[in-house]
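Undergrad: Sending over a structure as structure tokens; questions will come in a sec.
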Ligand SMILES: *Cc1c(COP(=O)(O)O)cnc(C)c1O
């Protein structure tokens, strides 16, 4: 079985996300996936706690998504989008416009979340150019994450990301303190002080505010108070600045609402979607905007919006996305996400008893255990695999975002695996003083 995955070749030649070629951590070979299970090349079945980075919300190998892909591939898997359209893109456009706030009337289909962010930023820049104003700055939040391409990186947290590495090349934007008021906690109005001060000083140069509504994902898994987002919307309105909501991680039910902005009852001017859009099958993203933004952009000197990826509107991806949205439209996700949230609420607080745990938090189908020390990645990964689960921590954060279809028993298996992992000192990078006691 294990020759299904030539791990030695992989180790010598294939780059994985954020990995070294000289000192790569071990990789696990996955040969199949079904429902909430990943099958390793040695036959082991792992409960998936990651949904392949927020994406596989309905689980793997879903009959409806498979059927949509098969059907589409029989007619055409791809055709250029320049001067040509096709039923799958039109059907997807209708669904996305119907399921998002009424103000979103125009959408751009691209290949990945990072590109959806690039597109959003370009829309904002072209919008102000068309209005005859030179506005080239973006205001965003610390601890944010918006992707790995250059413009997306430039609005990603400046301290815990790639800013230092690419200094001199990355454009420098404005960062406001991220909110500290917890989702369910008391609202501290001072959370908005830095944000509003930056707007007051720089508003005439700012094209747009970009942020992740309610949950800051890869920049720290922070879950913040809905009032902050209402304040941001109000301030953007006061200064006439566009608001870009990056719902690439939070979109399609993950936080318990279809879109995280709903927790605050606000609507953005530009909305970025990706990750779960195709139920985790194929890469696809969408950037939606209002007629005001779209038509203003089109009235500028270029006379159009200047972006056009080769695989724009890929029919295979659009067809699978339609099938994924059909599943969401049945509305079973709400009860499923609620059940996961109940599991987190019931079992995560007990983890605070560990001396190594700094905080636990959860919202919808997102559960976070923040440690006092970073994990020992190779060790803890091995521990999780031995426990029959797939959980991929980063730094001090162990987090869960399982497929919505997960059973209570499998969800408990994920939580128990975290509990047992943090009980073993070798899974964490403990300082010497703690090791002596352990
Ligand atoms: C993952 C993510 C992106 C980038 O998406 P890719 O598909 O990896 O390019 C952008 N914004 C947020 C909030 C994300 O979680």
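Using the three backbone atoms N, Cα and C, a Cβ is placed for every residue, glycine included.
So TrEMBL lists these for the protein:
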BINDING   53, 145, 275, 308, 392  substrate binding site
BINDING   113, 114, 246, 309, 310  pyridoxal 5'-phosphate binding site
MOD_RES   275  N6-(pyridoxal phosphate)lysine
Undergrad: Is it possible to get the count of other C-beta atoms within 10 angstroms of the C-beta of residue 113 (pyridoxal 5'-phosphate binding site)?
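TA: Its Cβ has 29 other Cβ atoms within 10 Å.
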Undergrad: Running a distance check here. Ligand 1 versus the binding-site residues 113, 114, 309, 310: which have CB less than 6 Å from one of its atoms?
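TA: 113, 114, by Cβ distance under 6 Å.
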Undergrad: Can you check which residue among the binding-site residues 53, 145 has the largest number of Cβ atoms within 10 Å of its own?
TA: 145
Undergrad: Which ones in the same chain are close to residue 392 (substrate binding site), with CB under 8 Å and 6+ residues apart in sequence?
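TA: Non-local contacts for residue 392 (substrate binding site): 50, 381.
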Undergrad: Is it possible to get the count of other C-beta atoms within 10 angstroms of the C-beta of residue 310 (pyridoxal 5'-phosphate binding site)?
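TA: The answer is 10.
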Undergrad: Anything within 10 Å of residue 145 (substrate binding site)? Look among the binding-site residues 113, 246, 309, 310, comparing CA atoms, and list what you find.
TA: 246
Undergrad: Can you name the binding-site residues among 113, 246, 309, 310 whose CA is within 10 A of the CA of residue 275 (substrate binding site)?
TA: 113
Undergrad: By Cβ count within 10 Å, point out the most packed of the binding-site residues listed: 308, 309.
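TA: Ranked by Cβ atoms within 10 Å, first place goes to 309.
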Undergrad: Rounded to whole angstrom, what's the largest C-alpha distance between any two of 113, 114, 246, 309, 310, listed as binding pyridoxal 5'-phosphate?
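TA: Looking at 113, 114, 246, 309, 310 as a set, their Cα atoms extend up to 23 Å apart.
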Undergrad: Can you give me the Cα-Cα distance between residue 246 (pyridoxal 5'-phosphate binding site) and residue 308 (substrate binding site) in Å, rounded to a whole number?
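TA: Answer for this pair: 20 Å between alpha carbons.
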Undergrad: Are there any residues at least 6 positions away along the chain from residue 114 (pyridoxal 5'-phosphate binding site) with a Cβ closer than 8 Å to its Cβ? List them or say none.
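TA: Expected: 146, 147, 148, 149, 152.
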Undergrad: Report the member of 246, 275 (the binding-site residues) whose C-beta atom has the most other C-beta atoms within 10 angstroms.
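TA: For the binding-site residues 246, 275, the Cβ with the most other Cβ atoms within 10 Å is 246.
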Undergrad: Taking only the Cα atoms, work out how far residue 309 (pyridoxal 5'-phosphate binding site) lies from residue 53 (substrate binding site), in Å, as a whole number.
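TA: Per the Cα atoms, residue 309 (pyridoxal 5'-phosphate binding site) and residue 53 (substrate binding site) stand 23 Å apart.
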Undergrad: Could you measure the widest C-alpha to C-alpha distance across 53, 145, 275, 308, 392, the residues recorded as binding substrate, and give it to a whole number of angstrom?
TA: 34
Undergrad: Can you tell me how far the Cα of residue 53 (substrate binding site) sits from the Cα of residue 113 (pyridoxal 5'-phosphate binding site), in Å?
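TA: Spelling it out, the Cα of residue 53 (substrate binding site) and the Cα of residue 113 (pyridoxal 5'-phosphate binding site) are 12 Å apart.
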